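Heads up, the thing below is written out as structure tokens.
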Amino acid sequence: MSKQILCLPGDGIGPEIVVEALKVLDVVKSQFDLDIEVSEGLVGGASLDAHGVPLTDEVLAVAKKSDGILFGAVGGPKWDDQPMMNRPERGLLKLRSEMGLFANLRPAMLFPQLAEASSLKHELVAGLDILIVRELTGGIYFGEPRGVRTLENGEREGYNSYVYRESEIKRIAKVAFEAAQKRGGRLTSVDKSNVLEVTALWRELVTEMGAADYSDVELSHMYVDNAAMQLVRAPKQFDVMVTGNMFGDILSDCAAMLTGSIGMLPSASLNEANQGMYEPVHGSAPDIAGQGKANPLAQILSLAMLLRYSLGEIEAADAIEKAVSDVLDQGLRTGDIASEGCTQVGTTEMGDAVVKCLQVLSS
Ligand SMILES: NC(=O)C1=CN([C@@H]2O[C@H](COP(=O)(O)OP(=O)(O)OC[C@H]3O[C@@H](n4cnc5c(N)ncnc54)[C@H](O)[C@@H]3O)[C@@H](O)[C@H]2O)C=CC1
Ligand SMILES: CC(C)CC(=O)C(=O)O
Ligand SMILES: [Mg+2]
């Protein structure tokens with residue numbers, strides 16, 4: 001039976017970069033004889049414009065049945081005055097929570113060819129390979145109660161709730177410990193346990209699990225403010241980092257710049273049944289949307305993660321990652337990773353170059 005991929009391009013640069021990933025998928029389908037059917041749906045602002053909601057029940061139902069979801073990005077100034085619960089970003093948050101996609105894997109590795117593009121000195125980032133494991137369906141992004149209320153003196157007060165249950169902490173910690181076992185054997189748990197009870201519980205449980213079940217993993221703890229500083233001071237000290245939803249969101253954008261650009265970082269969001277949604281770490285980049293400038297490599301690398309994790313097509317995933325590396329070897333760069341002596345290209349040319357490298361690899 002064919003594997004089903006649901007493609008949700010979204011808004012801004014989303015559709016521009018998803019098109020490039022789909023070109024790459026077409027090539028690997030024929031090269032590796034993959035039986036994959038792709039369907040497409042609306043999400044975010046595109047869905048709001050068409051249906052009045054950022055995610056329809058129909059699209060959610062297809063997502064739940066698919067073998068993998070390739071997601072672009074959502075949001076943009078056009079929809080910024082929507083009520084919070086109807087913003088484009090809600091479409092993404094609803095997909096994550098309704099599908100239970102609690103484990104967000106955000107690898108930040110430096111392609112050696114991009115050392116020049118990193119905002120840090122070469123010696124600080126050479127060989128960089130970090131995995132950020134971010135809890136994705138809990139924490140302050142989902143906690144209740146939330147809202148804006150009017151106090152007795154007429155002043156308005158905004159509030160959100162930072163909540164984690166033991167079971168939520170334990171299941172993301174398990175993913176992170178197991179990832180560390182398969183990698184360099186080191187795990188840093190990032191929290192703010194000196195201030196927030198919820199993350200004091202986080203630290204207590206992670207410590208207990210480390211001692212009881214993962215004595216082979218070298219566990220350390222770090223406060224999130226220090227972790228942000230350490231990421232730009234000496235990022236290679238990290239192997240796997242595990243943290244909550246909001247801290248992971250922020251730290252992964254920070255880690256992106258170590259690799260040259262946020263346009264390089266893919267991600268996988270997995271649930272307990274190992275269903276997955278795959279998307280770049282970046283957003284819809286309204287400042288460059290429609291200009292043919294966006295870097296499609298994070299999206300293309302997200303497709304490689306989909307093939308690897310959800311479809312088990314390791315050879316196809318390896319081929320895509322090799323093709324991306326070959327394109328960088330050729331000196332091709334979109335504006336965000338441009339450096340002296342390289343050839344600057346647009347979104348389409350970058351996608352075409354990956355396709356060409358795949359074709360050369362198989363000939
Ligand atoms: N997963 C998602 O769909 C996400 C959506 N957003 C939404 O995206 C919109 C814009 O948010 P921002 O804070 O500006 O973050 P952003 O990640 O969209 O953009 C930040 C900066 O990075 C650049 N950039 C991002 N992706 C790039 C790429 N592939 N190639 C070259 N440059 C790239 C942008 O041009 C911009 O200067 C907002 O509506 C926000 O809510 C933000 C983050 C994640
Ligand atoms: C809902 C998204 C806009 C949150 C985000 O920035 C992300 O997941 O990276
Ligand atoms: Mg983010």
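Just so you know, glycine gets a Cβ as well, placed from its N, Cα and C.
Some features that TrEMBL has for this protein:
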- 4-354: domain 'Isopropylmalate dehydrogenase-like' (DOMAIN)
- 76-89, 283-295: NAD(+) binding site (BINDING)
- Arg96, Arg106, Arg134, Asp225: substrate binding site (BINDING)
- Tyr141: site 'Important for catalysis' (SITE)
- Lys192: site 'Important for catalysis' (SITE)
- Asp225, Asp249, Asp253: Mg(2+) binding site (BINDING)
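Annotated features taken from TrEMBL, shown on the structure.
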residue	record	Cβ neighbours (10 Å)
Met84	NAD(+) binding site	10
Pro88	NAD(+) binding site	28
Arg96	substrate binding site	21
Arg106	substrate binding site	24
Arg134	substrate binding site	28
Asp225	substrate binding site	13
Asp253	Mg(2+) binding site	15
Ala285	NAD(+) binding site	24
Ala289	NAD(+) binding site	18
Lys293	NAD(+) binding site	19
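Counting only same-chain residues six or more apart in sequence, the Cβ atoms lying under 8 angstroms from the Cβ of Asp80 (NAD(+) binding site) belong to Arg87.
Of all the recorded positions listed here (Arg96, Arg106, Tyr141, Lys192, Asp253), Asp253 has the Cα closest to the Cα of Ala285 (NAD(+) binding site). Neighbour list (Asp249 (Mg(2+) binding site), Cβ cut-off 8 Å, at least 6 residues apart, same chain): Arg134, Tyr141. Put simply, Pro88 (NAD(+) binding site) is 13 Å from Arg96 (substrate binding site) when counted between their Cα atoms. Listed in sequence order, the recorded positions from Gly76, Met84, Lys192, Ala289, Lys293 having a Cα within 10 Å of the Cα of Asp225 (substrate binding site) are Lys192. The secondary structure of Ala289 (NAD(+) binding site), as reduced to three states from DSSP, is coil rather than helix or strand. Residues Arg96, Arg106, Arg134, Asp225 are listed as the substrate binders, and the farthest two of them sit 26 Å apart at their Cα atoms. By the rule that a residue counts when its Cβ sits under 6 Å from some atom of ligand 3, the recorded positions Met84, Arg134, Tyr141, Asp225, Asp249, Ala285 yield Asp249. Taken in sequence order, the binding-site residues Gly76, Asp80, Met84, Arg106, Arg134, Ala289 that lie near ligand 1, meaning a CB under 6 Å from one of its atoms, are Gly76. In three-state terms derived from DSSP, Arg134 (substrate binding site) belongs to an extended strand segment. Reported as a whole number, the C-alpha separation between Asp253 (Mg(2+) binding site) and Pro88 (NAD(+) binding site) equals 20 Å. Under 6 Å, Cβ to nearest atom of ligand 2: this is the test, and of the recorded positions Pro88, Arg106, Tyr141, Asp249, Ala285, Lys293 it is passed by Asp249.
Arg106 (substrate binding site) carries a strand DSSP state (E or B). Report note: the Mg(2+) site is defined by Asp225, Asp249, Asp253, and the residues of the same chain whose CB lies within 8 Å of the CB centroid of those residues, excluding them, are Val224, Ala228, Met246, Phe247, Gly248, Ile250, Leu251, Ser252, Cys254. Long-range Cβ proximity for Gly76 (NAD(+) binding site), meaning a same-chain Cβ under 8 A and a gap of 6 or more residues, is found for Asp11, Gly12, Gly45, Pro88, Ser284, Pro286, Ala289.
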